[in-house]
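Trainee: Mind looking over this structure? Questions follow.
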Amino acid sequence: MYGHLSLSALSLFAVVAAAPFRESWLQPRDSPVSQLFRRTAPDPNSNDYMSYYPGPGSTPNVSTIPQAWLDKLATVNLPNVPVATPDGGRPTYPNNEDDGDSTICSFTDQCRVEDDLYSPPGEKIWALSFDDGPTDVSPALYDYLAQNNISSSATHFMIGGNVITSPQSVLVAVKAGGHLAVHTWSHPYMTTLTNEQVVGELGWTMQALSDLNGGRIPMYWRPPYGDVDNRVRAIAKEVFGLVTVLWDSDTNDWAITDEPGQYSVASVEAYFDTLVTGNRTQGLLLLEHELDNNTVEVFETEYPKAVGNGWTVKNVADAFNMEWYLNSGKGNNDVVTTMSVAGTLTTATPTNTSTYVASSTAASSASVTDSAGVSIASAASSEASSSWAIANRPSHFVIAIACGLALAAIMV
């Protein structure tokens, strides 16, 4: 009977047949299908770009935190460590609890845990990193890194508020191959924040960096002032899969001033010399900054000395033989596994116009474990850019028409 149908009739059949497919494709927001899609990153060139994030310069309001992040937090069995109180730059704990004991384990008191990254393995490996970017001097630093072919050998621990105010600088670092990591949203003493505030500081910075780096989710974070304890470590690791990165030597480049008797460019460089030009062979993970001209000058002076003395610079991930990102391998061009921050799959919504909605992990998602041993939710499919793939996916309407035409050719 089909042999007598005209081509136009078969095409019409294809159009009609396509309707149920399109209806099933347009799933409600809370359906498992929609939960599989990555959030669409806002355009950093658009006038409303910053409206998709909390305001810079202060801890994000808890009301801006996606519910999925809070739901994940609720599943974490946190250690019994109280919130610390700010006390002149050294957070203190109730009842004069010892912040250096194994229960609290604050790095302010030089306490570390096994999972912390502290000194890289291997001889004369310099795990190169810069905190506090992007800033006004970041372009000059990035130019120097590029000129010396070491852009991909540097980890940039970026402040979320700086990221959204200077997205073009971040894009320069990404294009050059720089490794992006988290330095919180507003650079607070993290142990003095509530659990929810810790989530906001970390999660929003991860989201802002991911949005500018093809959906790659940061895997590493460095606590401002080195202020971290076991409660904050647990939130970073169990909610977001973040690895805590500390340092084995503070260059004090951040403290350089013109005041007599204080740190100067010359004194910081003199200390730097003892690390990279002496007989030391143990790996280095230094505290350095892309903060101002002084910090950049120190690095540009010391880098040639280190190389001349046999040191090899690597970014933090490579120095510890680990992956760069939670959902990608090494580099900013590796394939991205479809997932989003805290294993959720969401759509961007301006935070100043409506509540940010983040879906929970879809039932059809697979549980995978990253190299740090953290279980994260990852969609079963892997696409280099799922948002691109979705936007360019042939519609069922088109597919149905094509099938109808093919059927017509066979039947005639």
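Easy rule for this one: first residue shown is 1, then count along the chain.
Just so it is clear, glycine is given a Cβ too, placed from its N, Cα and C backbone atoms.
Below are the features I grabbed from Swiss-Prot:
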SIGNAL    1-18  signal peptide
CARBOHYD  ASN61  N-linked glycosylation site
REGION    82-103  region 'Disordered'
DOMAIN    124-314  domain 'NodB homology'
ACT_SITE  ASP131  active site, proton acceptor
BINDING   ASP132, HIS183, HIS187  Co(2+) binding site
CARBOHYD  ASN149  N-linked glycosylation site
CARBOHYD  ASN279  N-linked glycosylation site
ACT_SITE  HIS289  active site, proton donor
CARBOHYD  ASN293  N-linked glycosylation site
CARBOHYD  ASN352  N-linked glycosylation site
LIPID     SER387  GPI-anchor amidated serine
Trainee: For a quick check of packing: other C-beta atoms within 10 Å of the C-beta of the residue listed as 'active site, proton donor', how many?
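Mentor: Taking every protein chain into account, the count is 24.
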Trainee: Per DSSP, ASN293 (N-linked glycosylation site) is which: helix, strand or coil?
Mentor: helix
Trainee: How far is it from ASN61 (N-linked glycosylation site) to HIS289 (active site, proton donor), counting Cα to Cα, in Å?
Mentor: 27
Trainee: Count, for each of the glycosylation sites ASN61, ASN149, ASN279, the other C-beta atoms lying within 10 angstroms of its own C-beta, and report the residue with the smallest count.
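Mentor: Ranked by other Cβ atoms within 10 Å, the glycosylation sites ASN61, ASN149, ASN279 bottom out at ASN279.
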Trainee: Going by DSSP, give the three-state secondary structure for ASN61 (N-linked glycosylation site).
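Mentor: Reduced to three states, the DSSP call for ASN61 (N-linked glycosylation site) is coil.
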Trainee: Averaging the per-residue pLDDT over the domain 'NodB homology' (124-314), what integer do you get?
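Mentor: When the pLDDT values over the domain 'NodB homology' (124-314) are averaged, the result is 96.
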Trainee: Counting other Cβ atoms within 10 Å, pick out the least crowded of the binding-site residues HIS183, HIS187.
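Mentor: HIS187, out of the binding-site residues HIS183, HIS187, has the fewest neighbouring Cβ atoms within 10 Å.
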Trainee: Say you check the Cα of HIS183 (Co(2+) binding site) against those of the recorded positions ASP131, HIS289, ASN293; which is nearest?
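Mentor: Considering only the listed recorded positions, the nearest one is ASP131.
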Trainee: Distance between ASN279 (N-linked glycosylation site) and HIS289 (active site, proton donor) at the Cα atoms, whole Å?
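Mentor: Cα-Cα, rounded: 25 Å.
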